[in-house]
Amino acid sequence: GLNDFQKQKIKFTFDFFLDYNKDGSIQWEDFEEMIKRYKEVNKGSLSDADYKSMQASLEDEWRDLKGRADINKDDVVSWEEYLAMWEKTIATCKSVADLPAWCQNRIPFLFKGMDVSGDGIVDLEEFQNYCKNFQLQCADVPAVYNVITDGGKVTFDLNRYKELYYRLLTSPAADAGNTLMGQKP
C-alpha cells in the first residue's frame, strides 16, 4: 500500500488538480471549471479551436478517469475511489508511460497553465505567478524553482514537468516532485 506521505500527495492532486468546486468529489463540472480557470490564468488567450480541442480532450480524460476509478458507477469519483485507483496504479507504475491515459493527457494541459508565454519553458516569473494564481503555500519560490532546475542545470520544459509530475504521484519520499506543490523536498 501507499505510505501516509504518498497519500498526502495523492490527496493534493485530488484537491488541487481535480476537485475544482471543493465538494470532496470529482465530476464533470470540475472539468468545466478547470477550463474556466485556465482561460482566466492565460488571460483569455485560448482560441475557439483550442477551447474545443481542450474540451474534447477533457471529456476523454473524464471518461477514462471515471472508467478506472468510479467503482459504484454513479458518475462521481470520491476521494476513496480515487485513492484506491492510485494504490493499484502505483503498484505497477515504473515510468510516465505507465500512468493512466487520462493522467498522461493532463500533463501538457497543466504545463501550459504554467507556461503562459507559450515558449515551452517555465521561467521563475511564470512559476511565481503559478504559485500565486493557484494559492500554493510556497514560502520561498526562488528556492523551489532552484530545485526544479537543479541549480540552473536543467530547463523547466515539458519533459522536466513530466518527470516532476510522475515523481509527485509515485515517489514514496519527499523529492523534487514536491516542487509542483510549491514545496522544497
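Numbering starts at 1 and runs along the chain as displayed.
Just so it is clear, glycine is given a Cβ too, placed from its N, Cα and C backbone atoms.
What Swiss-Prot lists as Ca(2+) 1 binding site is Asp19, Asn21, Asp23, Ser25, Asp30. Among the features that Swiss-Prot reports, Ca(2+) 2 binding site is placed at Asp70, Asn72, Asp74, Glu81. Marked as Ca(2+) 3 binding site by Swiss-Prot: Asp115, Ser117, Asp119, Glu126. What Swiss-Prot lists as domain 'EF-hand 1' is 5-41. Look at Swiss-Prot and you will find 57-92 tagged as domain 'EF-hand 2'. Swiss-Prot lists 102-137 with the feature domain 'EF-hand 3', giving sequence analysis as the kind of evidence. According to Swiss-Prot, the feature domain 'EF-hand 4' maps to 138-173.
Comparing Cβ neighbour counts within 10 Å across the binding-site residues Asp19, Asp23, Asp30, Glu81, the minimum falls on Asp23.
Of all the binding-site residues listed here (Asn21, Asp23, Ser25, Asp115), Ser25 has the Cα closest to the Cα of Asp70 (Ca(2+) 2 binding site). Each of the binding-site residues Asp70, Asp74, Asp115, Glu126 was scored by how many other Cβ atoms lie within 10 Å of its Cβ, and the smallest score goes to Asp74. Comparing the Cα of Asp74 (Ca(2+) 2 binding site) with the Cα of every entry in Ser25, Asp30, Glu126, these being the binding-site residues, the smallest distance points to Ser25. Comparing CA positions across the binding-site residues Glu81, Asp115, Ser117, the one lying closest to Asp30 (Ca(2+) 1 binding site) turns out to be Glu81. Away from its own ends, the domain 'EF-hand 2' (57-92) comes close to residues 1-2, 6-7, 10-11, 14, 18, 24-28, 31, 34-35, 98-102, 105-106, 109, 169-170 of its chain (Cβ-Cβ under 8 Å, at least six residues beyond either end).
Ranking the binding-site residues Ser25, Asp115, Ser117, Glu126 by the distance of their Cα atoms from the Cα of Asn72 (Ca(2+) 2 binding site) places Ser25 first.
Asp119 (Ca(2+) 3 binding site) sits 29 Å from Asp19 (Ca(2+) 1 binding site), taking the C-alpha atoms as the reference points. Looking only at the binding-site residues Asn21, Ser25, Asn72, Asp119, the densest Cβ neighbourhood within 10 Å occurs at Ser25.
Nearest neighbour of Asp19 (Ca(2+) 1 binding site) by Cα distance, taken over the binding-site residues Glu81, Asp115, Ser117: Glu81. Neighbour density for Ser117 (Ca(2+) 3 binding site): within 10 A of its CB lie 11 other CB atoms from the protein chains shown.
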